[in-house]
Amino acid sequence: MTFFMQMLVSGVVVGSIYALVALGFVLIYKASDALNLANGEFVLIGSYICLTLVTALKLPFLVALAVTLGVCGVLGLLVERVVLRPLLNAPTISVIMATIGLGNLLAGLVHMVWGHQTRVYPNLFPNTPVTFGEVLITPVYLWSFIIVMALLLAFTVFFKFSKMGVAMRAVADDLQAAASMGINVKRVFAITWAIACIVAAVGGVLLGNINGVNATMSVIGLTVLPVVILGGLDSIPGAIVGGFIIGILQSMAGGYIDPLVGGGLKEVFPFIVVILILMIKPYGLFGKGGMERV
């Protein structure tokens, strides 16, 4: 029972980070009707930038995090302006291919600047585990979960009550109608990309504190894809629910099934789950019908 609870806690924490990164994925899909396949590279860059600020420039973690989010927000604005805006009226597949090329470009830049070796964050959290009954939770897991939940709550309030959040929802629901009502659609697109890069950077920083940082971290972009497909490509609540489901099931597969089959199932298990779910719910748990096949 204790092992089960440890796997459950691990899955919940990692799943919450998946949910956060998936949120940016869904926002871009709702705004531009295209998949951002460079999402994993944004996670990777955010983690490396924060690590460099903490270790090389000796900035306090919170200051380094704030600078990282600012840099990644500007990166999102630049990507939207330089790469995506010229493709505003292009076919969806053109936008998807552009994000693939962008991801490869960013991966190459990461390799040039930081190399491929694994780097480790300094101890930013206390080392003493927190005990809940018989379950031990390391502070980095606990604080990561608290930070993610606070951000998800903040974004929920932002989308529901702020002027820009309402504008983003309007553009996502009906772009032409939103434009006819005077909403600056291009500005909404730019801010959407900035937010997507920021949440990806937060996910990268938290994952870097848990597992260390190397170039393979960008694989989270593929891991999050089953999350958003499971929840529904156009559903923000679906991204959150899907993140927790995939995180927990992946953790359980790693703890219980991998030892029986010699390992390797944990990495592909999210895709197995998605295939099974899509046989029953083709648009995901919360998705709407009528999505375009790409």
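Glycine too: its Cβ is placed from the backbone N, Cα and C atoms.
Please treat TrEMBL annotations as automatic predictions, because they have not gone through curation.
Here is what TrEMBL records for this protein:
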TRANSMEM  6-29  transmembrane segment
TRANSMEM  36-55  transmembrane segment
TRANSMEM  61-79  transmembrane segment
TRANSMEM  91-114  transmembrane segment
TRANSMEM  140-159  transmembrane segment
TRANSMEM  188-207  transmembrane segment
TRANSMEM  269-286  transmembrane segment
Spatial neighbours of the transmembrane segment (91-114) far in sequence, C-beta under 8 Å, 6+ residues away: 32-38, 40-42, 44-45, 48, 52, 79, 83-84, 215, 218, 221, 292, 294
Stretch with greatest number of CB pairs under 8 Å, the transmembrane segment (6-29) reference, 36-55, 61-79, 140-159, 188-207, 269-286 candidates: 188-207
Selection from 36-55, 61-79, 140-159, the stretch that has most Cβ pairs under 8 A to the transmembrane segment (188-207): 36-55
Within-chain partners of the transmembrane segment (61-79) [C-beta distance under 8 Å, separation at least 6 from its ends]: 38, 42, 45-46, 49-50, 53-54, 102, 124, 190, 193-198, 200-202, 205
